[in-house]
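Trainee: According to TrEMBL, the protein has these features:
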- 12-31: transmembrane segment (TRANSMEM)
- 35-374: domain 'Ammonium transporter AmtB-like' (DOMAIN)
- 43-64: transmembrane segment (TRANSMEM)
- 76-96: transmembrane segment (TRANSMEM)
- 108-127: transmembrane segment (TRANSMEM)
- 134-151: transmembrane segment (TRANSMEM)
- 203-222: transmembrane segment (TRANSMEM)
- 228-249: transmembrane segment (TRANSMEM)
- 261-277: transmembrane segment (TRANSMEM)
- 283-303: transmembrane segment (TRANSMEM)
- 323-343: transmembrane segment (TRANSMEM)
- 349-373: transmembrane segment (TRANSMEM)
Amino acid sequence: MSSNYRNFRNNVLWLILFLEAVFIVLFYFLFSDDDASRSSIFYPAFQDVNHMVIFGFGFFLTFLKRYGFSSTGFNLLIVVLGVQCSMLIEGLLVFLLQRENEDGLKRITKAVVSMTAVVISTGAVLGKTNPVQLILMTVVEIIVFHMSRWINNTFLQVPDNISMMHVCLFGAYFGLAVSSCFSEPSPRSEKNASTPTSDLLSMLGTLFLWVFWPSFNSVLAVNDKSKAIYNTYLALAVSAATAFVLSVLTTKDGKFTMTHIHSAVLAGGVTVGYAAHSIEYPWIAMILGLLASVITILGSYCVQRCLNPALKIHDSSGVHFTFGLPGVLGALAQVILLVIKNWNNLTRLGYLVTLHVGAFCVTISVALITGFVTG
């Protein structure tokens, strides 16, 4: 065991040093003339998203008692490496496609937002992967996610800020595809066990995510940032209240189950992410928050009892019904809202619906195929 551990430690060392050397060289050629004084994003907004990814997801994944330090420590490691990789991929696309160069703060904000896909995928394979595998998964997923965004932007004409909101959907299904290649731990194994302390820290991460999710949905919005914040907060509030109600209704003793609440309170924010800036009436966001919480809690029963055993998928933190199903609901909601808004223009309506449905199908398909190959 000691010999294997030394080899493993050396692999991590050289992999990190190699990646950092590559990053520094490429940054020298791509970003030597960067001008950060023209930033269109305020630093507090970036800080909210950064706190969300580092603190929120770091503690969100501490529910397994044997992997508390792994979830927080490895989360920081893959985030700092993934942000650099994401900035490089974005810079390469700007250089190759001759796009307008973005300011430094917006570039790093988009990189942090894109890392949400990776940390969500990490939740599906937590406890089954080592740091080398997580680092390699991070690099591959960031590259593939930017490829998916490029396809949606170029061929399906999806706005850049909307394609970035596909991170939850992409991360959930990429993680599930990777997880399908790993064996499931024994139900009695300590790898599946949690403690009151680990559950409390995980709930603390959920609260961090809940508080900062309005900033996440609005930070890249071109217009109506205040409307995105407003709609996201209402959707989150309704999904949280509905989670408590459904938790009581779905338990035999009529008590709150923190597992349900842990999964469902964020569902509203995930669902309205695609259309938060364009929802005209607050009651629409509230209905979406309610439906998101319902599909999360009821979907957890179907996924855990029917789908996962049939497909032999072990979803460590339930990313499918926490982020995947609400993401699908948000995709359908965006299409329905688009139909209602353009009902009088039937000629253009079919074209718009086809583009939006195609974008979500491309995101899920790319995530599943490349996730399976990566696994």
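Cβ coordinates come from backbone N, Cα and C, glycine included.
Map these features onto the structure and tell me what's around them.
Mentor: On the 0 to 100 pLDDT scale, the domain 'Ammonium transporter AmtB-like' (35-374) averages 87 in this prediction.
Within the chain carrying the transmembrane segment (43-64), a Cβ under 8 angstroms from the stretch's Cβ atoms is held by residues 71-72, 75-76, 79, 105, 108-109, 112-113, 115-116, 119-120, 122-123, 126-127, 191-194, 198-199, 201-202, 204-206, 208-209, 212-213, 215-216, 218-219, 262, 316-317, all 6 or more beyond its ends.
Packing against the transmembrane segment (76-96) from elsewhere in the chain are residues 16, 19-20, 23, 26-27, 30-31, 53-54, 58, 102, 107-108, 110-112, 114-115, 118-119, 122, 131, 134-135, 138-139, 142-143, 146, 150: each is 6 or more residues past its ends and has a CB under 8 Å from a CB in it.
Away from its own ends, the transmembrane segment (108-127) comes close to residues 41, 45-46, 49-50, 53, 57, 60-61, 64, 66-67, 70-71, 74-75, 78-79, 82-84, 86-87, 90, 102, 134, 137-138, 141-142, 145-146, 164, 167-168, 170-172, 174-176, 178-179, 182, 185, 191, 216, 219-220, 315-320, 323, 371 of its chain (Cβ-Cβ under 8 Å, at least six residues beyond either end).
Within its own chain, the transmembrane segment (203-222) has Cβ neighbours under 8 Å at 41, 45-46, 48-49, 51-52, 55-62, 109-110, 113, 116, 159-161, 164-165, 228-229, 232-233, 236, 240, 258, 261-262, 265-266, 269, 272-273, 276-277, counting only residues six or more beyond its boundaries.
Remote same-chain partners of the transmembrane segment (228-249), defined as residues 6 or more beyond its termini with a Cβ less than 8 Å from a stretch Cβ, comprise 210, 213-215, 217-218, 221, 255-257, 260-261, 263-269, 271-273, 276-277, 279, 282, 284-290, 292-294, 296-298.
Distant neighbours of the transmembrane segment (261-277): 63, 162, 165, 168, 199, 202-203, 206, 209-210, 213-214, 216-218, 221-225, 227-229, 231-232, 235-240, 242-244, 246-247, 285, 288-293, 295-297, 300, 318, 321-323, 325-327, 329-331, 333-334, 337; these residues of the same chain sit at least 6 beyond its ends, with a Cβ under 8 Å from one of its Cβ atoms.
Sequence-distant contacts of the transmembrane segment (283-303), counting only residues of its own chain at least 6 positions beyond either end whose CB sits under 8 Å from a CB of the stretch, comprise 230-232, 234-240, 242-243, 246-247, 250, 260, 263-265, 267-268, 270-272, 276, 315, 318, 320-322, 325-326, 329-330, 333, 337.
Beyond the transmembrane segment (323-343), the same-chain residues lying 6 or more positions past its ends with a Cβ under 8 Å from any Cβ of the stretch are 120, 166, 168-169, 171-173, 176, 266-268, 270-275, 278-279, 284, 288, 291-292, 295-296, 299, 303, 349, 352-353, 356-357, 360.
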Trainee: What parts of the chain pack near the transmembrane segment (12-31), using Cβ distances under 8 Å and only residues at least 6 beyond its ends?
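Mentor: Non-local partners: 81, 84-85, 87-88, 91-92, 95, 104, 131-132, 135-136, 139.
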